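Mind looking over this structure? Questions follow.
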Ligand SMILES: Cc1cc2nc3c(=O)[nH]c(=O)nc-3n(C[C@H](O)[C@H](O)[C@H](O)COP(=O)(O)O)c2cc1C
């Protein structure tokens, strides 16, 4: 098995993934408003040789029928949630190799503003930036916050395709690779013949102008996607170089991975041009018993009300209002579909009952496969999971901050490296080369973004 990729999942809020670990005396995640908190974490991840820090984001928050959900506020779940963008420059300054993947939604800011900010960050991070392109979880509240109507699910993805087109046009088309001259004697900053106005007129967005920055190390940030609905997968096939998928049953994850690779092929790209990383929680310790004790402690901090609030925020469905003895009757939603599809009957299996959905969601959270045990046991489970699903790596979900990471680094990473499942050192200078060491810092020719490149 070749080395896997390992990223860390965080968001600017009190964690964790399953339950509310912030309330544990040893947890520091409620320090999320302090820059020092993030600097210490980023340095730890960098020194441990992890591939990247992923910062999730959403303007949305859990609500039902236009009202806040008490459990969400009381337990600090989904509220609060800060903006990751201002954090990254500070973290880039104190790290050498760690990549940063940031989420922004295609339903909030105009594409040219978003593109300029990512290009600036690609410079400041020396090419270590990636963009997790989402159409927005908790879409209803995010839309209301922006004073807009919720746009229908598939239309949001149509708009996202157009949004990415604008972004690629600006990143790839404005400056030729050698446009920047910087000749002080000649007083020539850039070659006017090699800087171009670009034009895009799509069904939803138009732009006339330039990306007002010389080409950054990657030009286009690494393009990442995280919605697993059918339309989300199609979007991934066209655009994504990496996809984050939720965990769960290996057979379901395997089907999802196959679907993503098929979407890439349908878009004229090689099946392996997308790296698929699965959300997973690693609970470990010096012994198996210690790990299981952490697991029990985690579940004790996970209430059905808190789980239902997160589920409602993501899908719009209030599990607590449904008959617990029946399956979820609704089969589609205009909000996030992945977490509804996850609990529909499929492949001849009946759909779980609402009480089982709630319990499963309480125990595994929004994204997670949960691996528990000693380092050797966890890595055995990792090997089995990878063999069964074909994923390329893991997006490690937080439980305790920083305890989960201290355990991971002390126990699991050495075991992964000993078995050749993790590279001894992260490879490549830029984030794109980290994921695709055989490629370059720029989008490959097989990506449709390549055809937007100026002067090729
Ligand atoms: C590991 C992982 C991370 C995600 N991060 C985000 C995020 O930061 N912001 C967001 O709006 N959606 C995020 N999502 C996606 C949402 O869960 C949701 O599925 C999506 O926004 C709606 O798209 P869909 O209808 O295609 O599922 C993430 C999903 C996964 C599996």
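From the backbone N, Cα and C atoms, a Cβ is placed for every residue, glycine too.
Heads up, here are the entries from TrEMBL:
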type	residues	note
BINDING	57, 103, 153, 157, 229	FMN binding site
DOMAIN	33-392	domain 'Luciferase-like'
Just the binding-site residues from 57, 103, 157, 229 whose C-beta lies under 6 Å from any atom of ligand 1, please, or none if there are none.
57, 103, 229
According to DSSP, folded down to helix, strand and coil, what is residue 153 (FMN binding site)?
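Reduced to three states, the DSSP call for residue 153 (FMN binding site) is helix.
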Are there residues of the same chain, six or more positions away from residue 103 (FMN binding site), whose CB falls under 8 angstroms from its CB, and which are they?
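Long-range Cβ contacts: 54, 55, 56, 57, 58, 84, 131, 132, 134, 226.
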Do any residues at least six apart in sequence from residue 153 (FMN binding site), in the same chain, have a Cβ closer than 8 Å to its Cβ, and if so which, in order?
135, 229, 231, 332, 333, 334, 335, 337
Using Cβ atoms only, which residues of the same chain lie under 8 Å from residue 157 (FMN binding site) while being at least 6 residues apart in sequence?
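For residue 157 (FMN binding site), the qualifying residues are 135, 227, 231, 232, 234, 235.
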On average, what pLDDT score does this prediction assign to the domain 'Luciferase-like' (33-392)?
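Average per-residue pLDDT within the domain 'Luciferase-like' (33-392): 94.
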Taking the Cβ of residue 57 (FMN binding site) as the centre, how many other Cβ atoms fall within a 10 Å radius?
22
By a simple count, how many Cβ atoms lie within 10 Å of the Cβ of residue 229 (FMN binding site), its own Cβ left out?
20
For the FMN site as recorded (57, 103, 153, 157, 229), determine the largest distance between any two Cα atoms, in Å, rounded to the nearest integer.
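If we measure all Cα pairs in 57, 103, 153, 157, 229, the largest is 19 Å.
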Can you check what DSSP calls residue 103 (FMN binding site), collapsed to helix, strand or coil?
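Assignment for residue 103 (FMN binding site) reads strand.
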